[in-house]
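These come from Swiss-Prot:
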type     : residues                           : note
BINDING  : N124, T174, K178, R295, H327, S379 : substrate binding site
ACT_SITE : K176                               : active site, proton acceptor
BINDING  : K202, D204, E205                   : Mg(2+) binding site
MOD_RES  : K202                               : N6-carboxylysine
ACT_SITE : H294                               : active site, proton acceptor
SITE     : K334                               : site 'Transition state stabilizer'
Amino acid sequence: MNEAVTIRGKERYKSGVMEYKKMGYWEPDYEPKDTDVIALFRVTPQDGVDPIEAAAAVAGESSTATWTVVWTDRLTAAEKYRAKCYRVDPVPNSLGQYFAYIAYDLDLFEPGSISNLTASIIGNVFGFKPLKALRLEDMRLPIAYVKTFQGPATGIVVERERMDKFGRPLLGATVKPKLGLSGRNYGRVVYEALKGGLDFTKDDENINSQPFMHWRERFQYCMEAVNKAQAQTGEIKGTYLNVTAATMEDMYERAEYAKELGSIIVMIDLVIGYTAIQSMAKWARKNDMILHLHRAGHSTYTRQRNHGVSFRVIAKWMRLAGVDHIHAGTVVGKLEGDPATTKGYYDICREDFNPMTLENGLFFDQHWASLNKLMPVASGGIHAGQMHQLLHLLGEDVVLQFGGGTIGHPMGIAAGATANRVALEAMILARNEGRDYLHEGPEILAKAAQTCTPLKAALDTWKNVTFNYESTDTPDYAPTPSVSV
């Protein structure tokens, strides 16, 4: 039902239910402004639902609309504040799925707030009944919006200066087993790994303050290990002390204590939420600390191709939010990571400008307005025998974390660390000499292993270990005509 209200002979208002595409949320002739936030959604309408109407509904429900016309729209600049879907394309090789391009006026969002942005973009709209599924694939964040954020607290350049390590990836390891060790034994793992040649060790995502090891005990033993390893090797070392806790007050307390003990880096988990992440990033900037983010929980909404949020969007949000490290995939490891898609993630973290690169899943040009660069972290099922592949695929501005590949070494933790360091140094030398290190990699490693027993043992132990599974999230970039034409 749709009833018109007439005032002085002019139709001013219609009550009732209207199609979203007739309410101003579908504007195929709209030219996005430089200051617009643009979101690309993968829309899967219910059977029988017009894709244009479904896309317009996403625009409406993620901005100003509700299920019926409301007269209070007339009290606002409704034409300005309505999100505008201006393009709908069928997704290549995915029947019944459509890419919807939606522009949002910048004034819809609070400056410098990821929580406010996400409340609209991934809010109630994801539960909308006319849709079978909905996925946020990418976003174009205008410079005017990017400039309202702090960005990474430290950044790659300053982190390298602080560590005094240049021209190669940094090496790390996650302490294993992740749960159950006493504080003393935990600290011993940290010491052995750092002494053997790693730059960092790391708490895992779910080690906080449990009955078997209080957080304060862990921090003390870990920093004792860091200081001892630094004195022994003459190198700056670090360990990611996980300050994730139940409240912000607890997190600040733990972070302050880590600083008092001399730590250069603290860690948080993605599951603490966007407001907490930004709060810790501001603390890290103020206190000259590197902030590591473990992306715990992301696969619950990033892994499936038809519903959720792409990790490329999470990476963009986290660069804005201000973390210094983020796990971004390995390609060759045990966790999800298509090579082309993963390159897109790494480019988001490390480049000043991301051009539209459809083969890497980047649908828009993205300028980062001089925000610091974010160091990607590769971890999960990697070992020394893959060093040539890791260097080729991920470059040098990355932290390579060999957890099992260090602590599972048959000769012990220090030997595992040494194997990884020698493998990396051999590959960097080959690269600097101009050799084709990708194809000569096995030969380079075998030669280095002749004078490094730990590396030989690592190569023998894991030589046949691969994780060759088909990725569930790959780019869709075949050029197609728009259904809006």
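Heads up, residue numbers simply count up from 1 along the chain you see.
Here the Cβ of each residue, glycine as well, is placed from N, Cα and C on the backbone.
Locations of recorded Swiss-Prot features on the structure.
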residue	record	Cβ neighbours (10 Å)
N124	substrate binding site	11
T174	substrate binding site	24
K176	active site, proton acceptor	15
K178	substrate binding site	14
K202	Mg(2+) binding site	29
D204	Mg(2+) binding site	19
E205	Mg(2+) binding site	20
R295	substrate binding site	22
H327	substrate binding site	23
S379	substrate binding site	25
Integer Å distance between the CA atoms belonging to H294 (active site, proton acceptor) and S379 (substrate binding site): 10
Reduced DSSP assignment, D204 (Mg(2+) binding site): coil
Residue from K176, K202, D204, E205, H294 whose C-alpha is spatially nearest that of N124 (substrate binding site), among the recorded positions: H294
Residue from K202, D204, E205 whose C-alpha is spatially nearest that of K178 (substrate binding site), among the binding-site residues: D204
Entries of K176, K202, D204, E205 which, being recorded positions, have CA atoms within 10 angstroms of R295 (substrate binding site): E205
Per DSSP, three-state class assigned to N124 (substrate binding site): helix
Residues that sit under 8 angstroms from H294 (active site, proton acceptor) by C-beta distance, when 6+ apart in the chain: D204, E205, N242, M267, I268, D269, L270, H327
Between T174 (substrate binding site) and K202 (Mg(2+) binding site), the C-alpha gap once rounded to whole angstrom: 5
Cα-to-Cα gap, K202 (Mg(2+) binding site) vs K176 (active site, proton acceptor), nearest whole Å: 10
